[in-house]
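Student: First the structure, which I've put down as structure tokens, then a few questions once you've had a look.
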Amino acid sequence: MRQNKELELTVERVPSTSQGLSGAPTYLALGDAPRAGTLNEHKSNDPHIPIDSDKPHVCNICGKQCDSKGYRRHVLSHSEERPHMCSECGDSFAQNSALQRHIMSHTGIRPYSCEECGEKFSRNSHLKRHVMIHSGEKPFPCMQCGKKFLNSNHLKRHSMTHTGEKPYACTECGERFSRSSHLKRHLLSHSGEKPFKCDECTQMFVTLESLRRHHITHSGQKPFPCEVCGKRFMDNNHLKRHLTVHDDKPLSLSPQKRQEHHDFSQFVDKKPIVSQIPKTGHVKFEPGNSFSKHFGQNLHPA
């Protein structure tokens with residue numbers, strides 16, 4: 001369906017009616033084109049976003065910077081009108097170009113190749129973003145703290161750490177989040193839904209990250225090595241607990257575990273140890289292996 005040049009859209013922010021997404025705006029296509037905000041106006045609203053003089057128009061809804069041609073095209077991304085539908089999966093898109101890019105996800109076509117490492121991409125924009133990994137370029141600096149980012153979306157998320165903004169609220173318990181993905185993950189704790197299933201044992205998990213950690217138990221991999229003694233662990237939390245063996249200051253342990261660690265530290269102190277072993281009387285040992293040898297002899301008498 002070709003867009004009529006005379007058709008103008010406006011994008012109105014309305015309260016979300018989706019469960020759990022209070023505070024996250026949804027959008028409706030109505031009738032008159034929205035006014036593009038100027039960079040100076042936007043800068044006053046969000047000082048963390050740098051100015052790009054090649055893109056003088058700023059979306060008043062999401063803050064994206066666009067050139068004159070790209071702005072009108074970008075507005076459609078906020079509209080609920082999706083006239084271009086994928087015959088393969090039924091997903092619909094506001095623009096035909098977006099549909100064509102989506103179709104590549106079904107065909108597997110990736111015409112854009114990185115000259116540095118050979119990785120291929122379905123979109124040129126994805127390739128450009130990838131190339132920055134090799135160049136180390138991070139063109140989006142935070143005006144507040146100077147930290148730099150690969151793209152504007154990462155910068156926007158970072159900016160919320162300065163403003164404390166958490167626009168996504170859970171309608172069930174009121175907890176707020178800075179990202180919609182965090183809210184969606186949180187909602188699973190209320191619904192009890194566990195959408196990620198292990199193919200090996202059919203165990204279910206709330207998050208993909210939890211499933212990935214679980215997969216390690218089947219593979220036998222231990223990707224977390226101790227830098228002190230070389231012992232390896234399946235889970236980073238297990239490694240942290242292990243590190244307390246090498247450190248007099250335990251990490252995040254429960255009070256019970258912390259007391260056990262304290263008792264163990266007292267046990268291996270350099271002072272002589274007096275042990276009370278049944279039927280053997282009181283025996284005094286110097287530091288070293290003599291206690292272990294003696295204890296083993298009493299457990300397994302000759």
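Every residue gets a Cβ built from N, Cα and C, even glycine.
Curation does not apply to TrEMBL; its annotations are automatic.
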Student: Checking feature assignment: region 'Disordered' per TrEMBL, candidates 1-23, 254-276. Which range matches?
Tutor: 1-23
Student: Where does the mean pLDDT land for the domain 'C2H2-type' (84-111)?
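Tutor: A mean pLDDT of 82 is what the predicted model shows over the domain 'C2H2-type' (84-111).
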Student: Report the DSSP secondary-structure composition of the domain 'C2H2-type' (140-167) as helix, strand and coil residue counts.
Tutor: 12 helix, 4 strand, 12 coil
Student: Per DSSP, how many helix, strand and coil residues does the domain 'C2H2-type' (224-251) have?
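Tutor: Looking at the domain 'C2H2-type' (224-251) with DSSP, the answer is 8 helix, 4 strand, 16 coil.
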Student: Excluding the flanking five residues on each side, which residues at least 6 beyond the ends of the domain 'C2H2-type' (196-223) place their CB within less than 8 Å of a CB in that stretch?
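Tutor: Residues 185, 188-189, 232-235 contact the domain 'C2H2-type' (196-223) from elsewhere in the chain.
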